[in-house]
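Handing you a structure now.
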């Protein structure tokens, strides 16, 4: 979009000076606009929309001419000897043609129209001043009229590959300068040209002899390896064939002075191709021979220059197989649009339409409010909840529940008053999950219900054995029932609270709460097998309803979500700002870690994408590799922040830092560009996983990207080594001015190198995932799907980063397979599971006491004291204290149910509701308990109020039986929006629906007892408020834990650990290494070293004579720190 372009490097063509060329061309150019492509798109769309008489929505292009110029600079940098002749057929846009003419390019024309386009340029441009030298008619099969036209316009250079063409040229244009086009190996190209153009090598002597007999002037050789070539070896082989053709021509008396290397240059792998083509040309056609070398690049120059704006003129839903490659969450929609300026979309039927990413300030309120996935989750939850409420309002379903408790036939007609429990189960066990997450939820629920069943059965058995009678007012009966129930309620609640805290999983929390609902409802009502069976059946029914809705209605695949998150996480690194990149990665990585175990769990659903253990391990290592990428990125950001701070403090620092970086600027820029390209290619693997053909092409691109990354790393290592050597201060000058710039430079280079190494490891992981998809999901053969063919099989693994290898090797080496390299690669990085490096308790005691007593020396009393100390230490743990506090609080709260004169009140107020509320509200810290308690009290009041109003309008009539499910469906929508869409306030939404169930549904079941809904609402609110208030009191008075104190204590521990690491690192570097092997005893002997052996004020911080022993010691100490 910029018209003021700097002067490019000089061209090798004979033409006017660059400044004169630019002047003569730019005077003819129409007006150009300054600004980004996006701004011009928005401006033109606004103009078109403001014109009422604009009947037809014409598509249009927005061209960024600066992109064309940047590509030219890129060409002249990598291939300075080869003159580019732009292929006009690729893009005949007059802006591009005139710009390239001003930059001194020649032109490759294949038709009369294209030649006219070039000749219409201003008369003082190179192509029009000397068309015989700057235009090549590169069409081996030309019509007679085309040859006559070329003769009339002095276009002399033209190609041929058959004898018929030679006879036509001899008859119509004998003065033409001919170039023989030879056939090359184009099997490694996306679009192959060998099927229609090119003469085989064995036919070259006959063609040249025919040209000699016809007295034609053959001046050179041309070839074309095909469009989109991804193998540099193809160019090397073509150069060798051209050399043989030169030798044949020389033997026949021709003086060849031109070599045309054709096109096929891609945007992404250009440097890789150029670094094979350039040395091959210099080796076979040195500059001293005077051979002019040209090329015919086309799409390379305009790859990113044009953005097409089309109009969607209609859309409709589609249930056909045309959208079968989309995931389950994508809407099946067909869009109709005008077909573009050149009807280009006719050949891009495989392309997927993506919505452009909006900036934060461009998002609409509708986009921010709710997504389509959230909408579906809310509707699924509402459907499951509505189905569960039918067991209350449908007599047939209700009688099925009542039959589970009443055994006599005369009692089967009775209404089951507790069917609201099924609806409560669907509230806590909602279907807004993926398939893998639902399997986990079912497993948690099954384990919880089995545990509750065993404990409840045991309580029932014990109460039966002691002949407990709830109507007996004898204090002994109260004491027996109280002791049994108190112990079991306390123990079960403690186990549930401890498990909930240790699991730290929202799915497990829901299962634990659901099981406590069953347990408290059974035990506080004196148990009974029939009552237990009824509540278990209702819990199982609720689970079945939820699972069926989850798996049948808009099912979500965790594996698909994981792959989408992998792509999003990789794309998050492709940001201009470090802060934005880290923020986007954090958002993507949170869901990535959550989806990983769910995706791996879908193997039980026979998902082929995770059907074996090896690929599941690959997914795990991929997530870990992405996490390490983020760590290195954070290190780079920290380095840049330190640099900015130092620049603000001292202006001289900027010059010193820039002096260090300039040495490695070019390799550093190349490495960063390659890293961005590799990240994009890796993300495409997960975006194109629905089409085996596209996935295969993407894997080929990844092979090229991996080779580029290897070369970039090797060049970067050499340049960074030079930087490190040059940054060492000279003894003759002041080293202080070089110290900080040197350290920051080294820190930056280290993080960038680690980022590149980790990214190469990630390529191996992603390639193994894509290979598994091709073999097992698409059932493609191993030979067709494997991008790593036989050419790469024989290269040694240890040579992958060999510093002595050639940087410009023409044959890329095969990256080693993951199973051979995984352990070796990971051992050099931060350990995945650092527990193996954890300092054991015995080693800690060695450091503390310096003396280790043998076990047989302990007396019985000392052993008992030690065991007692360990037990007391266990009960000092925070999670154990929280479990004891929870169990004790719930046991105390259940006391009124086992005291004869308080039991009627407890049964009337539904004390089990208070226990459930107390269990759900208790949290490890005081602040969290208070926050959740306030939410739940307000939620209970709101739910009860809505239920009272609804019951007043609908009542117990048939109209109420029909209206309540409909009302419940619509009322649950905003509640489930809070549950699903807001993690912070999800408990409020659950308690609103829970209160609504216990008032509206429970009151409807009590229609024969004539109890007003307001009375039930008061009891419900009173019981919940009592339970929540009691939880707040217990949290404040019984072993209170404040989050602020815990945060301060945690920060103190972190600073202490950092100080320990610095201390151990300094000692390891400053003291001569120990002559013995590293062990805890040797560590202590080192600590007790004499003053002579210890470091002094004059001791160097980094010992110049550090041996292997010292390195091993430092590594061990670092690993101990990582395991803290």
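Each Cβ is built from the backbone N, Cα and C atoms, and glycine gets one as well.
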Among 481-499, 557-575, 576-594, indicate the range for which TrEMBL gives the feature transmembrane segment.
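Based on what TrEMBL states, transmembrane segment spans 481-499.
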Looking at the candidate ranges 415-440, 441-466, 597-622, 623-648, report the one that TrEMBL labels transmembrane segment.
441-466
For the feature transmembrane segment as recorded in TrEMBL, pick the matching range from 962-980, 981-999, 1000-1018.
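Range annotated as transmembrane segment by TrEMBL: 962-980.
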Which is it, of 881-899, 900-918, 919-937, 938-956, that TrEMBL names as transmembrane segment?
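Based on what TrEMBL states, transmembrane segment spans 938-956.
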Please give the sequence-distant neighbours of the transmembrane segment (938-956): residues at least 6 beyond its ends with Cβ less than 8 Å from one of its Cβ atoms.
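Apart from its flanks, the transmembrane segment (938-956) reaches 917, 963-964, 967, 971, 987-996, 999-1000, 1003-1004, 1007, 1013-1014, 1017, 1020-1021, 1024-1025.
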Taking helix as H, G and I and strand as E and B in DSSP, count the residues of the domain 'Integral membrane bound transporter' (910-1034) in helix, strand and coil.
106 helix, 0 strand, 19 coil
Against the transmembrane segment (382-404), which of these stretches has the most C-beta pairs under 8 Å: 441-466, 511-529, 535-554, 962-980?
962-980
Determine which residues of the chain contact the transmembrane segment (535-554) at the Cβ level, with the cut-off under 8 Å and only residues 6 or more beyond its ends counted.
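Hits for the transmembrane segment (535-554): 328-329, 376, 380, 383-384, 387-388, 391, 401, 404, 418-419, 421-426, 429-433, 435, 438, 442, 445, 449, 453, 514-515, 517-518, 521-522.
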